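J.: Let me give you the structure first, and then I'll get to my questions.
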Amino acid sequence: HRWRLMLQRLCGSSDGVDRLAFFRSMHVMVTERQDVPKEFTRTGNTDHHGVAHPIDDKKIFHYGTAGFRADSSLLPFIVYRMGYLAGLRSRFLNKAVGVMITASHNPENDNGVKLIDPKGEMLEASWEKAASKIVNCTDLEFPTVCRAMESEFAATESGHALVLSAYDSRPSSKYLQTALLNGVKLSKSQFKSFDLLTTPQLHYIVRCENDPNYGSPDEDGYYQTFASAFNAMLKLTDRGTHYSPTLHLDCSNGVGASKFKQLISRLTDGVLNVVLVNEKGPLNEKCGADFIKIAQTFPNGFEKIEALQRCASFDGDADRLVYFYRNKSGDFVLVDGDKIAVLITRYLHEQIIGAGLEKELSFVVVQTAYANGNSTKYIREKMGLEVKMVPTGVKHLVHEACKYDVGVYFEANGHGTVTFSERFRKLVFSKDSGEGIELKRLRGFSTLINEVVGDAMSDLLAVEILLRHYDWTIDDWANQLYLDSPSCQLKVKVNDRSIFKTTFDEMTCLQPMGLQDAIDAIIASNGEGRSFVRPSGTEDIVRVYAEGSSAENARELAEKVADAVRAITDNADGK
């Protein structure tokens, strides 16, 4: 009976079934399912050790700002399907796109996959939904979903469909790229692998592939661009008596170690003496920018670092950068993304004023609610510049920064860069080379910074030029701009995070009713400080952030706000 119903559905007839049409349909279905290697299906999902990890059809994955991230054993079928989608995206745009296999600062056993659009930017939001849809369908649904997407996005093949790929140093990465290659083949697109790269390097190469005027679309072209820009900036930057060329760099046991070696080998001899630490070992284990930011302590290998030695740290795929040092009292001091943003902002603003372009160019610094309050205050009150607050997530910062001629954006975690408009380039680069030094510095800096994406290696070179320019030690940098307000972050488990609504900038809680009033009262009774709450995007928790007059005061404030969250959710739950 079931077969008869299937025949009727396939052939549209209750009798006189066209058996030839039926068998043709069955042949197409079988052929399409055989196109997918078993190890890259949900039911046959197999990890890089050859161990099967079937994925339940009910398990849902979400494409977020960082793409898909999970334990590496769950990813083969996901990466395969993202390979197909990347090829489809390239056919749709008739331009090259990128796919990076990385989980950035996550533990070594995790991995991830994210798509890169033609200008080196993150995947367009509407295609994030397509990514989630194609990953969450069953194996039986996959051919139908593919046909529907091809009909909607890329009904015809493109002669320029090309997917560029790279991966980080995780044990699972090479195997996952095999899954990616198979998925790209299914989309009838070309595939080119650059093997081991930092995430920002692939973003840069994708941009160059689609815009040859931007640079050479390969790893060597990356080094040539940024090393040449650094060497050119050196000629415009005098070295004083306080700045030291010695830097101790925590490489997080990641890809940044080998790639930064290649970059610094092209710099002018003696200008930057980099001591690499944590080159090989478990990725991100008690080291790396994220560990340092969260733990507020020295990474492995830095336990005996001398006072006032300048230190920096990459994360696992080298898209985040933070600095740190031991002060004269022996305490750990973090110099985070906020301090990097203010350093860059001060320099660019001074050069723009010196070049007489302050009335010609719009300038913004983009931050999230997690930016230290004193950094925001310094930019607005001491420098007189505009600060825009946006929701957490790199895509929000990029979107806002690109509205201005010069847009500086950094998250406190050390991820960020500077964007420059076409208007900026016309004004700055159209002047004769004989113009003032400020104009030359603006040209040089806009080339030195990787505006395509936050790039730890490029950002580090930029910071070193600026410290040299100001003749600052790391202690000078940490203390001469502004002093951080002590802060504290807590998590509160809730039954339903969806009841929490905030304003666009996430600094004011709109729902549940009464919670913001309670927070305001707590802050008022504290006498100073600030605090906000926001729901997690992935789990049922509410994040609490607070700044106070001291570390103890910030923690006390955060705990009181956390108690207010618990009290109001208990009432909502009827407890």
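Here the Cβ of each residue, glycine as well, is placed from N, Cα and C on the backbone.
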J.: Check TrEMBL for me: it has D315, D317, D319 binding Mg(2+), so pick out which one of S104, S126, S132, S525 it puts in that same site.
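T.: TrEMBL lists D315, D317, D319 binding Mg(2+), and from S104, S126, S132, S525 it also lists S104.
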J.: Same chain only, please: residues at least 6 beyond the ends of the domain 'Alpha-D-phosphohexomutase alpha/beta/alpha' (93-136) with a C-beta under 8 Å from a C-beta of the stretch. Say none if there are none.
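T.: Distant Cβ neighbours of the domain 'Alpha-D-phosphohexomutase alpha/beta/alpha' (93-136) are 60-72, 75, 77-79, 81-86, 142, 145-146, 149, 153, 158, 160-168, 170-173, 176-177, 180, 199, 202-207, 209-211, 252, 282-285, 288-291, 315-317, 319-320, 394-395, 398, 452-453.
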J.: Hey, of S104, E411, P535, G537, which of those recorded positions are within 10 Å of D319 (Mg(2+) binding site), Cα to Cα?
T.: S104
J.: For each of the binding-site residues (P535, G537), count the other CB atoms lying within 10 A of its CB, then report the residue with the highest count.
T.: P535
J.: Around P535 (substrate binding site), which of the listed recorded positions (S104, D315, D317) come within 10 Å, judging by Cα atoms?
T.: none
J.: Work out, from DSSP, the number of helix, strand and coil residues along the domain 'Phosphoacetylglucosamine mutase AMG1' (219-322).
T.: 32 helix, 16 strand, 56 coil
J.: Going by DSSP, how much of the domain 'Alpha-D-phosphohexomutase alpha/beta/alpha' (93-136) is helix, how much is strand and how much is coil, in residues?
T.: 13 helix, 13 strand, 18 coil
J.: Roughly where does the domain 'Alpha-D-phosphohexomutase alpha/beta/alpha' (93-136) sit in mean pLDDT, to the nearest integer?
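T.: Here the mean pLDDT over the domain 'Alpha-D-phosphohexomutase alpha/beta/alpha' (93-136) amounts to 95.
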J.: Out of S104, N413, give me whichever of these recorded positions has the highest number of other Cβ atoms within 10 Å.
T.: S104
